[in-house]
Amino acid sequence: MESLALQAFSTVTTTPFSLSSRSSLHLRSRPITKISQPSVFPSSSIPTLRSPLKPLLLLPERPKPLISPIRAVSRNDSTPPTETTTSPPPQGAKLFPLFLSVSIGLIVRFLVPKPVEVTPQAWQLLAIFLSTIAGLVLSPLPVGAWAFIGLTTSIVTKTLPFASAFSAFTNEVIWLIVISFFFARGFVKTGLGDRIATYFVKWLGKSTLGLSYGLTLSEALIAPAMPSTTARAGGVFLPIIKSLSLSAGSRPGDSSSKKLGSYLIQSQFQSAGNSSALFLTAAAQNLLCLKLAEELGIVISSPWVSWFKAASLPALVSLLLTPLILYKLYPPETKDTPDAPAMAAKKLENMGPVTRNEWIMVGTMLLAVALWVCGESLGIPSAVAAMIGLSILLLLGVLDWNDCLSEKSAWDTLAWFAVLVGMAGQLTNLGIVSWMSGCVAKVLQSLSLSWPAALGVLQASYFFIHYLFASQTGHVGALYSAFLAMHLAAGVPGMLAALALAYNTNLFGALTHYSSGQAAVYYGAGYVDLPEVFKMGFIMASINAIIWGVVGKFWWKFLGLY
């Protein structure tokens, strides 16, 4: 999520399951020590790793209460890993990040000369906004807590009236994002996502490359109805990848990781951004991008269809090429996986026929997607379509209200998304965004850049700035409006600029181990080393940029976006 900040992700772990289990996301209730190479498999669920692991996929489901990450099991371990607890961490804000975050706002407010074109109210709000963004990056407090403090500051200083400060909490797009988390929980709880992915393993899993394509295509299929990249990664695909890898003798944290696990992790990680970019409802940040674009006057008609049409060709080309490119650049030692289809077939046999709740989940998501596609002509907004879908799931018992209440990430997202969107909207209303974009436009004009060249410079800047962010949605809230305004000021066609920035937002989710929620999930599996994450993240980012730039140039011209 489907883009999460690392702060939010740190409170969520996935329940372990092999290809034979069906589990949902659970929340940690107590702190644990920081340990190397976290694994989604508890020690009690893994038989001895010194013998072949083909039976692993057939383990019966064992109920687990609250699961914490554990260290990876090494071939030389003589004792099983144990979960270690510590005393609660210190309460309150971290002093040094707090000092830096507050200092940035104070410096802007009192030491940087206010431009004559900007009102005192707008300049003060900019200082508070920058301090809030700095806190999202430096993390003196959890994201939601820091955003709430920023919101409170804007009211206490009389920068914004109470109604204006809280106006974004009624934003339809934000509630659509919140409901998307509940849909993701339904997919995991019913086991439907697990079943779909297992079918692709059965059909395409005879070779390592085919196995990678099966997982990649199954995520693309699930993505529009499971709008959280982190939930897809942790709730569906990582457990399957880990089970297959362990069965092939590929374990995290040692040289055997190169047999299978490292490649499958990298392939799925690097492909996930393209799956998220393919559909408007495949990631929470997509919806936020279009809402911010609308505030700058760029309204996209039939947004679900328009988004898909523009993304379809470059995203599909990238999805088809990514596993193959990584197969050449980052090859697995095991080339063939002849046992995977049989294990997947056995898993499906153990799962039994499609359950009532799975059929309800399928029907509800088909209805929701149909309303997202056709809702505009029917007069049903996207948020209302999502509300209808959630109501059906609640009425028929697929989800209960406790499922919704326990989805802490959804409520946390509601809080800090609303704060960021509200502040960004007020900055636009007060003229800050237009002033900043005008300054950048003058610089670009002084360089005599054409709008295509300006598009390339601004897109690259927006992309690589993400090295400073630990959240795709945080990046959008902080910079999307400003960069879109710069594009418009440089003469870039509005719809092209809005969609290109939004697609870009998904692609940079695989830059680093902290660049997105799914990044934390896949890196935490222990199959890839940190240097490999940065190296392959940069290489694949460059390749994706070339694919989207070249293919997109001709495709978007054909569609009339410019």
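Going from the start of the chain as shown, residues are counted 1 onward.
Cβ from N, Cα, C; glycine included.
Quick caveat, the model's predicted, so the values are computed rather than measured.
Taken from TrEMBL as is:
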REGION    70-91  region 'Disordered'
TRANSMEM  95-112  transmembrane segment
TRANSMEM  124-149  transmembrane segment
TRANSMEM  161-184  transmembrane segment
TRANSMEM  359-378  transmembrane segment
TRANSMEM  384-402  transmembrane segment
TRANSMEM  414-437  transmembrane segment
TRANSMEM  449-470  transmembrane segment
TRANSMEM  482-503  transmembrane segment
TRANSMEM  536-556  transmembrane segment
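In this chain, the transmembrane segment (449-470) lies close to the transmembrane segment (124-149): three or more C-beta pairs between them fall below 8 angstroms, excluding pairs fewer than 6 positions apart. Note on the transmembrane segment (536-556): residues 266, 270, 273-274, 310, 313-314, 317-318, 321-322, 325-326, 329-330, 456, 460, 463, 496, 500, 503, 507-508, 510-512, 515, 528, 562 of its chain, located 6 or more positions outside it, place their CB under 8 angstroms from a CB of the stretch. Within the same chain, the transmembrane segment (161-184) packs against the transmembrane segment (384-402): three or more Cβ pairs sit under 8 Å, each pair at least 6 residues apart. A contact links the transmembrane segment (414-437) to the transmembrane segment (124-149), because at least 3 Cβ pairs that are 6 or more residues apart lie under 8 A.
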